[in-house]
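Everything below concerns the one structure shown next.
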Amino acid sequence: MSILISPSILNSDIGNLAGELDKISNADWAHVDVMDNHFVPNLTWGVPVIEAAKKYSPIPIDAHLMIADPDRWAPGFVEAGADSVTFHAEAVSAPIRLAREIRGMGARAGLALSPATQIDNYIDILDEFDMVLCMTVEPGFGGQPFLANVMPKVARLRDLIAKKGLETWIQVDGGITADTIAQAAEAGANNFVAGSAVYKAEDAAASVAQLRELAHKHSH
Ligand SMILES: O=C(CO)[C@H](O)[C@H](O)COP(=O)(O)O
Ligand SMILES: [Fe+2]
C-alpha cells in the first residue's frame, strides 16, 4: 500500500495560507482540521477555509471534521472542494448513509476513531470507507504526545482489511514525528498526518521527505 504523508496546517501561519501550502508541495495531502468547540474543546475554521485551501493548494485536501452532527455538515465540505472528508464515529448518527453521500459526491470518505473507540462496531461496514483514521492523540489540539497504546488497534485493523481484500487506507493523526512514525508504519498505517513535526521544522519539505523515508523503511 502506498505511503502517504499528510501535513496538518493546524499550527501553520494561517495568515499566509497559500505560502504554507506551497511549502508542502512534496507531500501527498494537505490535512485541514475542522473543530467546532462542541465535539472537541477547540474552535478552528469551516467551509471558507476549505475553499481557500482548495484554491491555493498544489496537493489534494484532506478534511478532518472534529464536529458534532457531521451528518448535517460533511457534504458542504465536499462542495467546498475537499477531496477526502473524514468524520468521527463518536459524532455521526448514520455512518453508512453519510459515507455513501460523500462518495456519491465524488470525494473519499473517512471514518475517524478517537483513541478509546474500538473498531468492533465497524468491521462489517469497512467497505463503506476509503480510509479509517486512528487518532493517536485525543482530538482537539496539535502538539500532543503520540499515544503508542493505539498501535494494537492499527495492527488489528490492517489485518482485518487484508483479510477482507480491501484497499482501505489507515491514517494516523497526532504526535507523528521522526521519533514515532516507525511504530505507526510497523503497525500497518500508510497515511501519516504530521502537524508540528512539519511546520515547526526549519524546512517543511525536508521534514516531509524525512517522514516519508522513515515510513517506507518501517512499513511492510
Ligand atoms: O487532528 C488533529 C488534532 O486533533 C491534528 O491533525 C493533529 O494533532 C496534528 O498535529 P500534531 O502533529 O502536532 O499532533
Ligand atoms: Fe487531524
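Using the three backbone atoms N, Cα and C, a Cβ is placed for every residue, glycine included.
The divalent metal cation site in TrEMBL is built from H31, D33, H64 plus one of D130, D159, D173, namely D173. Residues H64, G140, F141, G142, G143, D173, G174, G175, G195, S196 are recorded by TrEMBL as substrate binders, and the candidate that the same record lists for that site, out of S2, S6, S8, is S8. Other than H31, D33, H64, D173, the residues of this chain whose Cβ falls within 8 Å of the Cβ centroid of the divalent metal cation site are, in sequence order, S6, S8, L10, V32, D62, T86, L133, V193, G195. DSSP assigns G142 (substrate binding site) to coil in the three-state reduction, placing it in neither a helix nor a strand. Closeness to ligand 2 is met by D173, these being the recorded positions among G140, G142, D173, G175, S196 whose Cβ falls under 6 Å from the molecule. Within 10 Å of its Cβ, the residue among the binding-site residues S8, S196 with the fewest other Cβ atoms is S196. The highest number of surrounding Cβ atoms within 10 Å, among the binding-site residues G140, G142, G175, is found at G175.
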